[in-house]
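Encoded as structure tokens, here's the structure I'll be asking about.
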Amino acid sequence: MKLTFFALAAALCLAFVADPADALKAPPETLQIGIKKRVPVEECTKMSRNGATLSMHYTGTIFDTGKKFDSSVDRGVPFEFKLGIGQVIKGWDQGLQKMCVGEKRRLVIPPDLAYGESGAGESIPPGATLVFEVELLDVKESADPVGKHPSRQQKKAGGIGAGGFDKEKAREILTSPLFLGSTALMIGALSIAYFAASSEDKKAKAKNDEVKEKEKDGVEGEAAGKEDKGKEEKGKEGEAKKKGKRPKKDE
């Protein structure tokens, strides 16, 4: 009786202490993060964050079957990527935040945070829930804005780096209110500048035409004045000829 009681108590304790991600029987609908190895706060000298380059070992399996589809441990080469910029699946960008070097986690990632209904190659079927055993080896700042890309072998295997260019993320950016608003403001500013420049050009042209018209009127007026003066002088000469001077009488 006592042995049965202690066995039951031990089982209950294990159920509460065990990693909740290990106890899952049905595929979860949300990201599950289990800590397999915790690093004490005083020993956590480097922590993952968005924009940092992480060096990790991982092993990926299918939740339903337990079949392994990719492993950097098997290759003996850590996987390096930049966190939080869409180089990896969303489940990694979200599940590897604030992770200390040396820490190990178990991520159970639903399809919408992995490869969705498309899957990835022959290794990851459509709508698959994925399980990753991960270990953070190093965190470093990278001067390279793009960071290191997954190898061709990793992409072919349908591993964590197979996502490549995140079309959904690009679509979110292009359709975001901030992008649309800034684009509308830019178009509005360019339109105002264009109409203002056109208006100034029209004013300058009108002023130039006005100056030319005045110059033309001045030249024509001057020519008309000269012509009138010439006529006047000719009239005086003709009048003088008509009158003439009478000869003086002989004395």
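Cβ coordinates come from backbone N, Cα and C, glycine included.
Relevant sequence annotations retrieved from TrEMBL are reproduced here:
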- 1-23: signal peptide (SIGNAL)
- 51-140: domain 'PPIase FKBP-type' (DOMAIN)
- 142-162: region 'Disordered' (REGION)
- 178-197: transmembrane segment (TRANSMEM)
- 199-251: region 'Disordered' (REGION)
- 199-241: compositional bias 'Basic and acidic residues' (COMPBIAS)
- 242-251: compositional bias 'Basic residues' (COMPBIAS)
What else in the chain is close to the transmembrane segment (178-197), if you only count residues 6 or more beyond its ends and a Cβ gap under 8 Å?
none
Using DSSP, tally how many residues of the domain 'PPIase FKBP-type' (51-140) sit in helix, strand and coil.
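So the domain 'PPIase FKBP-type' (51-140) is made up of 13 helix, 38 strand, 39 coil.
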